[in-house]
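Data first, discussion second: the structure below is written as structure tokens.
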2 protein chains.
Amino acid sequence: MKKDKPLILVTNDDGISAPGIRALIAVMAEIGTVVVVAPDSPQSATGHSITINDTLYINKISKDNDVIAEYSCSGTPVDCVKLAVNEVIKRKPDLCVSGVNHGSNSSINVIYSGTMSAAVEAGIEGIPAIGFSLLDYDWNADFEPIKSFIRSITLEVLEKGLPESVVLNVNFPKLGEKEIKGIKICRQAKALWMEKFDKRKTPQGRDYYWLTGEFVNQDHGEDTDEWALANGYISVVPVQFDLTAHHAIQKLNTWNWNE
Amino acid sequence: MKKDKPLILVTNDDGISAPGIRALIAVMAEIGTVVVVAPDSPQSATGHSITINDTLYINKISKDNDVIAEYSCSGTPVDCVKLAVNEVIKRKPDLCVSGVNHGSNSSINVIYSGTMSAAVEAGIEGIPAIGFSLLDYDWNADFEPIKSFIRSITLEVLEKGLPESVVLNVNFPKLGEKEIKGIKICRQAKALWMEKFDKRKTPQGRDYYWLTGEFVNQDHGEDTDEWALANGYISVVPVQFDLTAHHAIQKLNTWNWNE
């Protein structure tokens with residue numbers, strides 16, 4: 001690790017006032033110089049959405065003599081990362097951490113997650129990045145048991161650096177600190193959401209829907225994040241943003257594309 | 001291909017009235033039974049966003065005796081796919097096609113693209129899926145030159161089926177039909193957007209920003225989608241939604257995670 005304190009950008013998708021990001025800020029403040037740029041309202045499930053058809057606002061929340069500079073932003077988590085790098089700190093931070101998300105971003109959830117999309121955006125821009133999530137959707141979730149693990153994972157990443165074009169997706173089981181068995185490097189389990197739409201009528205009689213669903217894990221491999229979390233481990237999945245299915249290229253080349 | 005006409009779900013992210021989706025519907029109507037469920041307004045760059053904190057509406061646009069059933073939806077492209085499968089057609093279609101997007105979804109754009117996220121969502125649900133995009137952002141872009149290619153790619157996918165957990169990202173160069181050299185199976189080029197925020201003041205004097213940027217291709221491989229498109233070919237990238245960086249697992253396992 002550098003002798004100088006690392007500059008750490010903190011963001012999330014639950015919004016700047018969420019207890020999860022407050023816990024993350026507290027841990028990062030012990031490690032480095034912290035700048036927070038996070039959404040001014042909840043942005044869960046915004047995926048890798050960016051704001052191109054609307055204006056973006058940034059508000060400085062912290063006072064000028066506060067140790068930690070905090071900014072709320074009207075955009076998505078990905079917008080927050082872009083604005084932070086370009087307009088707020090005006091350089092690449094040494095690390096970007098996102099979360100702690102209230103609820104799981106394991107398995108296929110990585111693709112819907114604003115928390116992880118912020119980390120992926122940082123990764124695209126060449127910034128080492130980690131997304132943290134706790135398997136507890138409650139606004140009053142207890143983040144104390146995971147703070148020491150967040151600290152040790154962050155220090156490890158700052159010391160070793162991450163492989164090129166890879167960010168980390170870290171999920172914590174909802175357990176006491178002593179009950180957590182350790183950290184496992186995993187692959188993303190194959191799973192999906194089986195949707196159920198809750199159909200209702202407006203007071204004026206028009207049909208509308210709420211999206212709900214059930215998470216279905218189709219993958220019982222013991223090297224998956226779902227297995228690790230179900231068995232008391234913290235899951236760490238290295239995530240990439242080259243979406244090419246390289247294994248499929250050879251097969252597709254046997255098709256009659258140009259006849 | 002099945003003897004019965006295939007059931008084809010058509011969606012996009014530019015909205016149901018965009019010329020690109022009208023061109024795609026016209027081609028699909030010659031191949032199968034078409035159901036359209038598409039956003040009622042432009043949803044570009046929404047990525048894999050879903051609507052969980054708001055209500056969703058569907059409006060039937062077509063008349064009861066129209067050959068093609070069309071529905072507009074208040075949600076994102078991913079919401080459209082979920083609603084189509086669960087509430088509109090109430091079964092998995094034989095194919096989902098998304099687009100034709102007005103503008104490129106090659107390279108890293110795949111990750112921001114609502115068009116491609118709709119195709120990926122279909123893929124997650126086990127539906128063969130293709131996203132089509134034309135390298136022309138103009139609302140009045142000419143889709144005629146690419147119709148025969150869309151038709152032949154679609155027929156090939158219906159006949160052969162796609163590899164498991166793979167969807168296709170198809171991009172067309174802005175060229176006449178005769179100038180297009182053919183189809184190339186490619187990998188996603190390594191590239192990124194260098195953001196520039198256009199900072200302005202509201203009439204009341206408050207700062208705000210527009211997100212703009214410049215696309216920077218860092219990858220000069222001749223097996224990439226950017227190379228194919230720049231050299232007059234249609235690029236076809238197989239896209240996966242297992243985001244695990246499998247190559248990084250072994251290295252991360254050498255770290256001191258549990259000390």
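Heads up, residue numbers simply count up from 1 along the chain you see.
For all residues, glycine too, the Cβ spot is worked out from N, Cα and C.
Automatic prediction, not curation, is the source of TrEMBL annotations.
Taken from TrEMBL, the feature domain 'Survival protein SurE-like phosphatase/nucleotidase' applies to A:8-194.
According to TrEMBL, the divalent metal cation binding site annotation covers A:D13, A:D14, A:S44, A:N101. For A:D13 (divalent metal cation binding site), the count of additional Cβ atoms within 10 Å of its Cβ stands at 32 [all protein chains shown].
In this entry, nothing among the binding-site residues A:D13, A:D14, A:N101 has a C-beta under 8 A from a C-beta of chain B. A 10 Å cutoff on Cβ-Cβ distances gives A:D14 (divalent metal cation binding site) a total of 24 other Cβ atoms nearby, all chains included. The Cβ centroid of A:D13, A:D14, A:S44, A:N101 marks the divalent metal cation site; residues of that chain outside this set whose Cβ lies within 8 Å of it are A:N12, A:G15, A:A18, A:G20, A:P42, A:Q43, A:P77, A:G99, A:H102, A:G103, A:S113, A:G114, A:T115, given in sequence order. Ranked by how many other Cβ atoms sit within 10 Å of their Cβ, the binding-site residues A:S44, A:N101 place A:S44 at the bottom.
DSSP assigns A:N101 (divalent metal cation binding site) to a strand segment in the three-state reduction.
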